[in-house]
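Okay, structure first, notes after.
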């Protein structure tokens, strides 16, 4: 539980009138202003609606209202085969959509016991990290926009555009990639893809330095963000905060290190941890994380070049479609193909939870199988949703101008919150 | 010798016309320049190099539906933008652009007041009424917060603005803008002896024109549109106009007082209009540059900066200059 439970009513009453220091002066009455922000508002990062009680410009209480983007993805997935479900996963967190694809695929693979070939594993990690950088770029651009700085937004989107071009090249889609399949990938990387990634890697570290300079050394930014909306480590843990926001509070928890998946244990990278727990550290830690992602991508590219061509899907015909050319020669392949396309595969009875590290925090898929070809129940542990509950805690007592900065620093994606 | 009244009228019309045109093209230049700072193109589709963009914007904002909120105070709601633009426009006429008779035999300024600077202060102080009444009459919480912010900020920066102007005025010994220009021509540009006052005045002018990093009143990230949230159509455009005209006036006032006005030092020929326009353009560019680069201050930080840093600094400098002038027997 929180150390200091928010008891708004007491506080409201205590603040409704100013104390009178001067003898005989009439008591000044002041009112609490209730301000509704959103769901359509320039800086709530989607359709988040918050209702704030203000005393002057200071926030006494903040109540987030969510659900404006509720789409029922989880329920819908109960009526789709495991393969069809992949169309839903990237639509939840449209900024770091490879993370959702990957988390879902990992969960189902655990359920059916599929083996992912090494080449596919490395490609998954590479794309996941590229996507993490793209997500952090949006975070930085829009986050700094909330501080009134217009220019970083366009700079960040320049690099993100390059990344989206890469994603479009590999999967045919800029946002909703649907590239990862249960047991592997949809298809192999296009030719020359690695050299394009290398070109990006050559540019990106300088650009990261540039972004860092744009805001980290700015005295105005320091003044506005340092020490604002501090979430101490203990409270961060109690609020189930994860991801960069948790690590900015001094807790070293990264699922990629704590519960490695997709071969993350074999890459060498650091987990940046900052101690401040304020908006400033939550912004800066994303810069540091981008540097680590670049490291991972570099290693992945080297590995892919070392591995050479190879299978990118589990050869088990019960999970993944047989190669096209086999359909003309093998009756068995035709049967498997027919079964997979018409009804999909049937995992054994059971349930599974796989945590992963998305750009926003711990992203887990909890899937229950009743033995059928469709999941009995899918529950996503969405980091945006869980992190958002820190908002009213962090915003207590801050200025209304800082509220948007706090929202930005917690990095919620409303698709991920409402699902 | 002063100009006949009909000539003053013509010049006043020209100044208003010129300022409104300058506003229109200022929006275009600002957007194009910002775009350059931000690795993009900016508006370049309407006409060659986007030169007709301001016209398109004007047509759009006039043709848009003019909404007055049901619960707004209708009279004040309509009056507020008019107040804002009126008091923004009346200040510029004092700025001298050349020597006597440089405007087809007439003076290149609308009117020459001996209390010029005082007058400029008076009208720029009135700008706060437009903003405050707009926020009040809109009957919207966003507008109210925005207008309260602006009023508080304007009043606190007005003090630093005044203090930083008093120092050069004391040195010159006149409130008349022409006298200040002449003094600089005879002695030295005031930016050299008065550098602290120049810096303070520039900062305070940025706050006065509500530019980044002091653009709190319309901090769209938290307050949507600030005091003009409920305004639409031409009434909204009037507020925009007022803001840009304030900016242009500030960009004209700073060189007039600190950078020799329309004159250039030494051997450089004093060409009427040209140097003044160039100096104005320089400061406008500087303000756009700042906007592309800086973050926005928070409301309480802005107030603390205004009262805690800017005002004391201006006061100290004022006292220093006052002692200097007193020791020299009232003469510089």
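Every residue, even glycine, has its Cβ placed from backbone N, Cα and C.
Not measured: the values here are computed from a predicted model.
Among residues of the same chain six or more beyond the transmembrane segment (B:6-28), those with a C-beta under 8 A of the stretch's C-beta atoms are 43, 50-51, 53-55, 57-58, 89, 92-93, 103, 106, 109-111, 240-241, 244-245, 247-248, 284. Here TrEMBL flags B:6-28 (among others) as transmembrane segment.
As annotated by TrEMBL, transmembrane segment applies to B:75-97 (among others). Among residues of the same chain six or more beyond the transmembrane segment (B:75-97), those with a C-beta under 8 A of the stretch's C-beta atoms are 11-12, 15-16, 19, 68-69, 103, 107-113, 116, 119-120, 123-124, 126-127, 129-131, 133-134, 136-138, 177-178, 181, 230-231, 235-236, 238-239, 241-243, 245-246, 248-249, 252-253, 256, 261-262, 272-273, 276.
For the transmembrane segment (B:117-136), the list of distant contacts is 73, 76-77, 79-85, 87-88, 90-91, 94, 143-148, 150-151, 154-155, 158, 161-162, 165, 169, 175, 177, 208, 217, 226-228, 231, 239, 242, 246, 249, 253: same-chain residues at least six beyond its ends, Cβ to Cβ under 8 Å. Among the features that TrEMBL reports, transmembrane segment is placed at B:117-136 (among others).
Summarising the annotation, TrEMBL assigns transmembrane segment to B:157-175 (among others).
What TrEMBL lists as transmembrane segment is B:187-207 (among others).
Residues 19, 22-23, 26-27, 85, 88-89, 91-92, 95-96, 120, 124, 127, 165, 168, 177, 180-181, 184-185, 189-191, 194, 197-198, 201-202, 205-206, 208-211, 275-276, 279-280, 282-284, 287 of the same chain sit 6 or more residues outside the transmembrane segment (B:244-261) yet have a Cβ under 8 Å from a Cβ within it. As annotated by TrEMBL, transmembrane segment applies to B:244-261 (among others).
The feature transmembrane segment is assigned by TrEMBL to B:273-294 (among others). For the transmembrane segment (B:273-294), the residues of the chain that approach it from at least six positions outside its boundaries are 26, 29-30, 33-34, 37-38, 95, 97-98, 102, 108, 206, 209, 211-213, 215, 247-248, 250-252, 254-256, 259-264, judged by C-beta separation under 8 angstroms.
Taking Cβ pairs closer than 8 Å, the transmembrane segment (B:306-327) reaches residues 153, 156-157, 159-160, 163-164, 166-167, 170-171, 194, 196-197, 200, 203-204, 207 in its own chain, all 6 or more past its ends. Look at TrEMBL and you will find B:306-327 (among others) tagged as transmembrane segment.
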